[in-house]
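Annotated N6-(pyridoxal phosphate)lysine per TrEMBL: LYS45, in sequence order. Taken from TrEMBL, the feature active site, proton acceptor covers LYS45, TYR275. Here TrEMBL flags ARG142, MET322 as substrate binding site. The domain 'Alanine racemase C-terminal' feature in TrEMBL is assigned to 254-384. The annotation region 'Disordered' is assigned in TrEMBL to 380-408. Per TrEMBL, the feature compositional bias 'Low complexity' maps to 390-408.
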Amino acid sequence: MGHVNDLQAPPAAERLAVIDLDALRHNVRHLVRLVSPARVMAVVKADAYGHGAGPVARAALEAGASWLGVAHISEALALRSAGINAPVLAWLHTVDSPFAEAVAGNIDLGLSGWELESVVAAARELQIPARVHLKIDTGLGRNGCPPDLWESFVGRALAYQEEGLLRVVGIFSHFSVADEPERPETDLQLERFRTAVAVAEDAGVDHEVRHIANTPAALSRPDSHFDMVRVGLGLYGLSPFPGQSPEQLGLQPVMTLKTTIANCKEVPAGQGVSYGLRYSTAEPTTLALVPLGYADGVPRVGTGGPVWVDGTVYPVVGRIAMDQMVIDLETTGIAGTGKDLVGREAILFGGAGLPSVDEWADASGSINYEIITRISGRVQRRYTDTGSSQEAGQGPAEPEAAPEGSEA
Ligand SMILES: *Cc1c(COP(=O)(O)O)cnc(C)c1O
């Protein structure tokens, strides 16, 4: 049993993150058109923001993305192990990062300073030139070479390039406030970036790609596109701008988070709900139990977040627990009393007509990036994919991998 080719329906998933690869490809094509002739790097770090790096990377490449981007070398190596051979850039390293494996795996490495020596040592040992992108800190204050050290950093890299130990493929940086287009710091960062590129070119760097734009800059600052944009959030169909919906930006949300109602019961007025009894029913009502909690990645502080059941949206009442949360069917004023909802689909967020990731972000004092990324491995991923004949492959985090023509 258990052959990959079994055409049996997969077992019903009790908790599902449905990943709509058609929506993902739509988003990629939209972004590719928007930034052309600049290229698109699909950022698939953190298991593609919780969507599954393998299937997302394949669909993104198929829809026109040219590069992949991740934070960790281990994430890049996982893409290689999944048989993906497109250019991959990894940019966040520690002294324990597997630089030799990265060089051997043809992974592009973003470098800010000290890593240069480690990467060169690996290249020397392997007799394979490393492919590197030099990062300038234009104002974010995280990684990146400080501007006053840039010229000497570039000089060292070029010396190693002369020795045949590396090739400077790219120059890059990262924005700090591109999601707030009215702020002036983005202009300043762009100016510093242009200066850094000019310094590198004058020193003899013959780069393939200059890149600084993330999703908000890709959408709002054509002057930031250079040769490539690195988009994460936009791939997943979410908006980086408060007050602007995905639809307004031409994007379609990719993830739908759902389960089924696990219990439903009538309770009297004054019934306390969940740990701490922070909620008490105002009148006799019906409570429904939604079997998702913070162990599934739903923020504990997300009380009030929306749950769609049967076309009605109910706010979560009381504390969200590790495994579960409660909705009060009276809260909307349409008496759910006596209604048995056990087994009905309960959707926390999804695409058009459903509650949004942004509503969960607002309820939790967080941002949409965090809500999707923290959906845990306890929630099964299922891929819907009508627009491609290719298999919906396995996410590295999830062994369940049957190609899916439709959701459960
Ligand atoms: C995560 C990340 C991105 C993608 O940012 P989005 O806002 O999701 O598009 C781009 N570049 C770097 C360096 C990142 O860390």
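Cβ coordinates come from backbone N, Cα and C, glycine included.
TrEMBL entries are annotated by machine, without manual review.
A C-beta separation below 8 Å, combined with a sequence spacing of at least six in one chain, links the residue listed as 'N6-(pyridoxal phosphate)lysine' to GLY69, VAL70, ALA71, HIS72, GLU75, GLY232. Around ARG142 (substrate binding site), the same-chain residues at least 6 positions away in sequence with a Cβ under 8 Å from its Cβ are HIS174. According to DSSP, the secondary structure content of the domain 'Alanine racemase C-terminal' (254-384) in residues is 20 helix, 45 strand, 66 coil. Note: the Cα of TYR275 (active site, proton acceptor) and the Cα of MET322 (substrate binding site) are spaced 11 Å from each other. In the structure as shown, the Cβ atom of MET322 (substrate binding site) sits within 10 Å of 11 other Cβ atoms.
Here the Cβ of TYR275 (active site, proton acceptor) has 12 other Cβ atoms within 10 Å, regardless of which shown protein chain they belong to. In the three-state DSSP scheme, the residue listed as 'N6-(pyridoxal phosphate)lysine' is classed as helix.
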